[in-house]
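Shown next, in structure tokens, is the structure this report addresses.
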Ligand SMILES: Nc1ncnc2c1ncn2[C@@H]1O[C@H](COP(=O)(O)OP(=O)(O)OP(=O)(O)O)[C@@H](O)[C@H]1O
């Protein structure tokens, strides 16, 4: 089954009411619009003929019908927008969650993280997928249903009159099948590649503008963006040209259908087979039909792009496709509620091996060590020896290829994600700060924390004075990525955030990197006081940090996988 068909099936099975409700309500304005034309045409002609001949005509019923159809069309259109967009947003929301789960699952298995280009593509794919229901499913069903109903009604009056609308429907159906089965997606791929190039090169240009300016590469870098923009414009022009051709062909088919119907009307009315008022109603219905069936043209003209996006989205969701929210991690939470077990090490690595996918050699091989509750362990070694890898394994961001990792006597795999994040606090080299107030940035770690707890955490992180200097205090706004604070202050704010948690284990990655000696000592003192009974795994380079540790684990054998060389102070 194609990616597009899988997505439609998935939307139907997960959001049946919204899916069907949107289509049913969308049928109301489409049918009412065509019926309105027919009834109005019949009524005007019948009224004119009655006026000329003096025959009796009941005008109340058709007037009421016209008014009713006009109201149904307007109200139906409003309801249709509401329901079809609601169904689409529900579908996209779920799809985003499923894709995120799929990616998280892969990351947990140590798979290569997605690159910036793939992330760009993913977001534009999801945007492109709003066309699946709104531009393909709903218009397709409307075109089919209204077209068949119209043909059936016209055929019930006279088979000859149905030739025109049948020609139109056959043309649209043939066009749809042709486009659906077409294998070439050249223009969509060209458009996508050019868009990726424009985005990524622009990001490179902005991020690297200083170096480019220094080495005189600005003009060349801007030139590559302009070239990518030209390619994008070419591809978009080709897609637009095809879309215009499709619209022109459908318009032409509509005119052919109208001409055929007119000829058939002249023939049948001349033969006396059909009343003039009814013939005018048929003519107006055939006149209105192209508008309904051509609603599918915008979706068909973007079909290639939608199919590419659908194909990738289906690949990106949970690998086994089940979509259950908790499947990324095996959940076997034990009866003791995930607390640290008495007498167990806070963290234990037992013959752990790990290698990055596609890397030539293992980073860790048979690494074993333990950190006792409340113990502070410094992890040291030359650059690239695997310290960050150990930290990522300990915090379950990576999974080992062999061996086991236990937190308080429980295998990491057996601990629920939520529980795990409560029991381990990771403080990286550059904490991410959000474009929001200091208080919001701190409460991410503990939404219930009071203002006085926030001030206390800031004090321990040696940041209280800096924040209270600002008249807005805790409500002071930070720019994107923490702009407004120096690099060292950003790190200390990250530390204050970590102090608002009460984990069993802190994992610290070069805690005082970027701080001057005095502040670094203040931060280390504060952390030592604050951490209480929590164990600490600290990646350390500076002697001042190493000196605070109870024990040191060195990962520094020259060219070998690490574990063999791990040794203690
Ligand atoms: N995603 C990855 N894919 C492939 N190899 C990787 C990846 N991340 C790290 N490595 C490699 O794994 C090895 C260990 O990396 P790691 O980041 O754990 O070292 P580190 O000791 O923390 O280094 P540093 O002190 O410089 O931060 C290095 O040789 C590195 O090149």
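Just so you know, glycine gets a Cβ as well, placed from its N, Cα and C.
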Note = Checking 273-297, 298-322, 323-347 against TrEMBL, the stretch recorded as transmembrane segment is 273-297
Remark   = TrEMBL feature coiled coil, matched against 134-161, 162-189, 190-217, 218-245, maps to 218-245
Inquiry  = Counting only residues 6 or more past its boundaries, what in the same chain has a CB within less than 8 Å of a CB in the coiled coil (218-245)?
reply    = 187-188, 190-191, 193-195, 197-198, 201-202, 204-205, 208-209, 212, 297-298, 301-302, 305
Remark   = Listed stretches 21-44, 50-72, 132-153, 159-180 vs the transmembrane segment (273-297), most Cβ pairs under 8 Å: range 21-44
Message = How about long-range neighbours of the transmembrane segment (21-44): same chain, 6 or more residues beyond its ends, C-beta under 8 Å?
response = 59, 62-63, 65-66, 69-70, 72-77, 79-80, 83-84, 86-87, 133, 137-138, 141-142, 145-146, 149-150, 277-278, 280-285, 287-289, 291-292
Same-chain residue ranges lying at least 6 outside the transmembrane segment (159-180) that approach it to Cβ under 8 Å = 140, 143, 147-148, 150-151, 246, 249-250, 253-254, 256-261, 264-265, 267-268, 274, 279, 282, 285-286, 289-290, 293-294, 296, 300, 303
